[in-house]
Amino acid sequence: MRTKSWVSLLVASVVTTCGIGAVPAQAAVAHAASARARCPESRAREVCVDLSHQRLWVRQDGRTIFGPVPIRSGRAGHATPDGWFSIQWRDYAHWSASYDSPMPFSQFFYGGDAIHGVYDDVHEGSGSYGCVNVPFDDARRLWGLLRVGDPVYVSGRRHGT
């Protein structure tokens, strides 16, 4: 019982010191619940992409096994397509001839659109040309987790597209 009180006091101290309040925590719980609603339950390993909140995660057997992580999706005029897809092919060190740009750990799910790593901050810039950009380290982890044929569910819409 003494440990529980000490932990509660420590958490209260962190919350007060860091400015973390109940409202952001409640918002995070609400977001997680709404995101789960947009990615239908499946027994397979599946990638879930939420364009509205710019997040990606992977589930297997109904459990989140990776993420959520931030993403950058398609900009105005180059919206990332929504719906059910599957990983068609992969290229560890892809180079986009169209945009003269590296696309590390590319996992293509719709034509030239791929989930791939980027070297810059996904929160910067106006968006991709339809791909789902993820931070480099997260893309590397996804590379080890996913396989050709894994389902990809993309839902929502990026603000401004």
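Note: Cβ is positioned from N, Cα and C throughout, glycine not excepted.
Unlike curated entries, TrEMBL annotations are predicted automatically.
According to TrEMBL, the feature signal peptide maps to 1-27. What TrEMBL records for 45-155 is domain 'L,D-TPase catalytic'. Annotation source TrEMBL lists active site, proton donor/acceptor at HIS116. Positions annotated as active site, nucleophile by TrEMBL: CYS131.
HIS116 (active site, proton donor/acceptor) falls within a strand when secondary structure is assigned with DSSP.
Note on HIS116 (active site, proton donor/acceptor): other Cβ atoms within 10 Å of its Cβ, all shown chains, come to 26. Across the structure, the residue listed as 'active site, proton donor/acceptor' and the residue listed as 'active site, nucleophile' are spaced 7 Å apart at their Cα atoms. Counted with DSSP, the domain 'L,D-TPase catalytic' (45-155) comes out as 10 helix, 59 strand, 42 coil.
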